[in-house]
Amino acid sequence: MRVFFKTYGCQMNLNDTETMAGILSQHGYEVVNLPEEADIVILNTCVVRQKSQEKYHSALGQFVKLKKSGKIKLIGIAGCGSNLEGEELIKSGADFVIGSRSIGKIAEVLQKAARGEKIVYLEDDICTVDSKTPRMRFSKHHAWITIIHGCNRFCTYCIVPYTRGREKSRPLPDVLLEVEKLAKNGVKEITFLGQNVDAYGKDLKDGTNLASLIEQAGKFEQIKRIWFLTSYPTDITDKLIETVAEDPKAAKSFHIPVQSGSNRILRLMNRRYDRDQFLQLVEKIRSKIPHASISSDIIVGFPTETEYDYMQTMDLVRKARFERLNLAVYSPRQGTVASKYFKDDVPREEKVQRLNKLLELQKQINRELNMQYLGKVVEIIVEGKTKEGLYYGRDIRNKVIIFSSQEVSEGENVLLKIDKITAGPLYGKLQKKCGL
């Protein structure tokens, strides 16, 4: 039977889809790229925002219609939506629901669904997913590697601890076995993933940590670049900063969500730091790694956010000068502390206005930061082509650079001279191909 996956949300969901696709492929299923080619559709869902939840519900409705017309046979739901909604998704037309920590059992669940059973399987079987688990990688040169599942932080706005569970790290030897396997298969870039990736190893209580993992993963000659995300500010250690600074294979890039620049709002969010501590962390990273790229996330319109709170956020963005900034308006998530106890009292129009002002500020900062690239030669790893047929890739600071060429290969290292900047990607001219 043929299976189509539609994936929503974060990189961990992408990695989970790769895992489920690999397991099903090993069990004789054919993974296809188009839903019209499939007998089975699996939606790997995200509920971090209301909009993402609405998207997969809309898709579920469309696929239910296709099933009634006989064009598909089964519909499955995976990801965070499974843990949040469970049986309700069966009532909405799904044939099976599998939890985010249950994906190692996807073949067994699908077999039961194929026999006509309506299945909701939400058990914590995440230990069954390890270096031996087959994965269908969607990139030839880059691989996602989930090293820690779940989150213990319980920020008041966030649904993740309720849908992904508590933190559970993979043993370091098992992660390194996966890295070794990838290196042998020609992968040259890896990204270590976790909702709170810097907490990696704490629960193992054997000294394992992210810094030591990066150091050991870099010993594989084929691996040329190592990324990690997402970071929680107070879990970034001096040792991690030193490792990123000194290890030539470690990408000089940190993604550190700040969420607000107001100390009052940070306390309401249960973020365990204040604005000064965050800015001191940014300064520390840049003092050790002068050209480090630091990106962040911000939520605008959190309950009770005043104009003063918002201006504090604007001020923090001016001082931090992020390379990139992911912005979102606050939306209550079912089951979180904020949805239970805080009234969503900032008008939608005000939220959007605040977001747009922050977006304009960040664009201005981006243009200013990007000016330093003009005329410089940088090395990137080619990732693919744009819709316009141009090639693109990233440098070691996570800067996207677009260029034209007669022919280069995905995963190839090339040197580019930057001749055009924007508030987003840079543009360059090919100077030299450095090979695969």
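Even glycines carry a Cβ here, placed using N, Cα and C.
Here the domain 'MTTase N-terminal' (1-115) returns a mean pLDDT of 97 for the predicted model. Taken from Swiss-Prot, the feature domain 'MTTase N-terminal' covers 1-115.
Sequence-distant neighbours of C10 ([4Fe-4S] cluster 1 binding site): residues of the same chain at least 6 apart with a C-beta under 8 Å from its C-beta are C46, V48. C10 ([4Fe-4S] cluster 1 binding site) carries neither a helix nor a strand DSSP state and counts as coil. The [4Fe-4S] cluster 1 binding site annotation in Swiss-Prot covers C10, C46, C80.
Residues or ranges marked as domain 'Radical SAM core' in Swiss-Prot (evidence: sequence analysis): 137-368.
The number of other CB atoms found within 10 A of the CB of C155 ([4Fe-4S] cluster 2 binding site), across every protein chain shown, is 22. Sequence annotations record features per position, and here Swiss-Prot assigns [4Fe-4S] cluster 2 binding site to C151, C155, C158.
The domain 'TRAM' annotation in Swiss-Prot covers 371-432 and rests on sequence analysis. Taking DSSP states H, G and I as helix and E and B as strand, the domain 'TRAM' (371-432) has 3 helix, 34 strand, 25 coil.
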In sequence order, which residues at least six apart in the same chain have a CB under 8 Å from the CB of C80 ([4Fe-4S] cluster 1 binding site)?
G9, N13, T45, C46, V47, V48, S100, I159, V160, T163, R164
So for C46 ([4Fe-4S] cluster 1 binding site), how many other CB atoms are inside 10 Å of its CB?
22
CB neighbours within 10 A of C158 ([4Fe-4S] cluster 2 binding site), counting all protein chains shown, number 21
Sort out the sequence-distant neighbours of C151 ([4Fe-4S] cluster 2 binding site) for me: same chain, 6+ apart, CB within less than 8 Å of its CB, listed by position.
C158, V160, P161, R164, R166, E167, Q195, N196
What other residues of the same chain, not counting C10, C46, C80, have a CB atom within 8 A of the CB centroid of the [4Fe-4S] cluster 1 site?
Y8, G9, M12, N13, T45, V47, V48, S52, G79, V160, T163
